[in-house]
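What TrEMBL records for this protein:
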- 1-109: region 'Disordered' (REGION)
- 30-59: compositional bias 'Low complexity' (COMPBIAS)
- 60-73: compositional bias 'Basic and acidic residues' (COMPBIAS)
- 87-99: compositional bias 'Basic and acidic residues' (COMPBIAS)
- 142-165: transmembrane segment (TRANSMEM)
- 144-573: domain 'Major facilitator superfamily (MFS) profile' (DOMAIN)
- 177-197: transmembrane segment (TRANSMEM)
- 209-228: transmembrane segment (TRANSMEM)
- 234-256: transmembrane segment (TRANSMEM)
- 268-291: transmembrane segment (TRANSMEM)
- 297-319: transmembrane segment (TRANSMEM)
- 375-394: transmembrane segment (TRANSMEM)
- 414-432: transmembrane segment (TRANSMEM)
- 452-474: transmembrane segment (TRANSMEM)
- 480-501: transmembrane segment (TRANSMEM)
- 508-525: transmembrane segment (TRANSMEM)
- 545-570: transmembrane segment (TRANSMEM)
- 581-622: region 'Disordered' (REGION)
- 594-608: compositional bias 'Basic and acidic residues' (COMPBIAS)
Amino acid sequence: MAYDEADREVERAEQDASFPHRRSEEIERVVSASSVSTSSSSGSEGRASRRGAGMSRISTQRDLERHPTELSRIHTQRSQHSGTVGRDVRSMKSRESRKPLPPFGAGKAYPPVLPDQEEYVVEFDGPDDPLHAQNWPLGKKIFTAAILGYTTMVSAFGSSIFSAATRAVAAEFKVGTTVALLGVSFYVLGFAFGPTLWAPLSELKGRRLPLVIGMFGMSIFCVAAATAKDLQTVLISRFFAGFFGACPLAVVAATFSDMFDNRTRGIAITLFSMAVFTGPLLAPFIGGFIVDSHLGWRWTSYLVAIMGFFAFGLVFFFFEETYPPQILVGKAAELRRRTLNWGIHAKQEEIELDFRELVAKNFSRPMRLLFTEPIVTLLSVYMAFIYGLLYLFLTAYPFVFQGIHHFSAGVSGLTFFGMIIGQLLAGLTVLLQQPWYQRKLAANNGVPIPEWRLPSVIAGGASFAVGLFWFGWSGYRADIHWIVPTLSGLCTGFGLMSIFLQSINYLVDAYLMFAASAIAGNTFLRSLAGAGFPLFSSYMFEGMGIQWAATLLGAVAAVMVPIPVVFYLYGHKIRAKSSFAPTPPPMAGQALGRDSDGSDATGEKELEGVAQGGVRRGDSAV
């Protein structure tokens, strides 16, 4: 399948940013062209070369060679700018008007052409500029990461706490429990559509504004759900709570990548993933105790609203912008105010939004990848099945522990800690693999081989299937101690986290500049599965019985285990035939630069901005 023009433009810019094999005498020219060439700055290369005569070639060359980190960040900025929605060359040309220019007005002639705008573009002051988020003190980074981790956990927590309230909601509004479960499904459905807004907004206006709006909106709609007088208001409010609550899921991973370099980014992203997947499992026991108390089901939404408003306050008062282009926007605004020079600006301020490009980058391209790329299609189906089962467990566990063992809703929710511990063990395992992965990366000149990620996915898939069989055949009889099906969660939780974390990393490594679109399609499909699976779970477990329903699900999980095996064996051949999975230039492995801290310089570049989850190549966990 051939690329369209926008895809080709992004790929050219990304490859230029990814594989910096320039000679040292050309280094000062990189600075003068720190963003990709666009129609609004056509001819800037020629002007840059004219200015080069007046530049101190020796001084600039020496400074940059001393700081390869600055070179890496220059390439990162070029990549970010080229990938940002509204900055595509073709779309900018499409906006050019063919109508004659209107008069300037008041009898004035058109003013003379301004000087080269590159001279007025603000930049970071070297690799140690304290404005850059990667140069923040460690304590500030940890505090910011804690805020973001809590924010993410609240969003995920809100998706599942309503499951404990479904019986009470069904009784109050006189509907079936399946209809009441739509409160969970609609919230997760919001996760599918929310990133189409929050991802491009985060690359246009930075990370802080979407997080502030998202947490405030989620909290407001949780209050609306808690005070609703009819079921339709509950369901609509839950959908929009999920839509706004999707913001941290789409933005926080990219924010961690803004703050942490390659040495520490893997730990941060792994902890973020744990917050995403443990949040839904922490909620059922809390919701169960609330529903069983005098507070009633409405307080499941009030609690999420309170937690959301607290997260909103933390983000509003304590979170500082981390997105480098937006930091430069703030720097330019301060310089304009203090120098009264209206020409000073950041490259990000040259962007004009184009609706067609917005649709292409955030919907049409992800869908093309989802339905035309075998790797994206099969992995997305696999991950959608696993993610759907995560929310199906919200119904399946009560069948076992409330129906068979006669636990209360709150005590039944405590059995999810088996899965939580399994997920924590998977995250720890991935972190312990980091030295092994870094050695392989160093031995390959810093060029990652995507298939290195897949052994963990294969092991996780086998563990997940075993956990399903274990759960079904130990949970359908009351004479089998309740701890036995609870311990099955160790296998299912371990498998779920291993599959998700390393599958996402595989997509990032395989698709590079199109990884964000690949993950966007993946997120859309798995969110639909997460919304749909709970709706048939009760019919399935009641009609087939616990043991046979779990056997069917375990058999499907076992059938899907060969998917990562096939990609492990033949993934390189499949990628070679792909229209979207790029291959580095022949000398890329030898030309790749290294950061001053020893990390891979190419890991700093952005992939396609931060669309749909803001994933960069450096965002991979190990």
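Even glycines carry a Cβ here, placed using N, Cα and C.
Worth saying up front: this structure is predicted, and the values here are computed from it rather than measured.
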> Would you call the transmembrane segment (297-319) and the transmembrane segment (480-501) in contact, using three or more Cβ pairs under 8 Å, pairs 6 or more apart in sequence?
Replying inline: no
> Cβ pairs under 8 Å with the transmembrane segment (234-256): which stretch of 142-165, 177-197, 268-291, 375-394 has the most?
Replying inline: 177-197
> Under a Cβ pair cut-off of under 8 Å, which of the recorded stretches 177-197, 209-228, 268-291, 452-474, 480-501 contacts the transmembrane segment (142-165) most often?
Replying inline: 268-291
> What same-chain residues lie close to the transmembrane segment (209-228): Cβ under 8 Å, and 6 or more beyond its ends?
Replying inline: 151, 154-155, 158, 183, 194, 198, 201-202, 234, 237-238, 240-248, 250-252, 298-302, 304-305, 308-309, 311-312, 315-316, 319
>> Is it the case that the transmembrane segment (480-501) and the transmembrane segment (177-197) touch, counting contact as three or more CB pairs under 8 Å in which the residues of each pair are 6 or more positions apart?
In response: no
> Which of 268-291, 375-394, 452-474 has the most Cβ pairs closer than 8 Å to the transmembrane segment (177-197)?
Replying inline: 375-394
>> Can you work out which residues elsewhere in the same chain, 6+ from the ends of the transmembrane segment (452-474), have a Cβ less than 8 Å from its Cβ atoms?
In response: 382, 386, 389, 396, 400, 422, 426, 429-430, 433, 437, 440, 480, 484-485, 487-499, 501-503, 505-506, 509, 546-551, 553-554, 557-558, 560-561, 563-565, 567-568, 571, 620
>> On average, what pLDDT score does this prediction assign to the domain 'Major facilitator superfamily (MFS) profile' (144-573)?
In response: 89
> the transmembrane segment (268-291): which same-chain residues, six or more beyond its ends, come within Cβ distance under 8 Å?
Replying inline: 145, 148-149, 152-165, 167-168, 249, 252-253, 256-257, 259-260, 297, 299-300, 303, 390-391, 394, 397, 408-414, 416-417, 419-420, 423-424, 427, 430-431, 493, 496-497, 500-501, 619-622
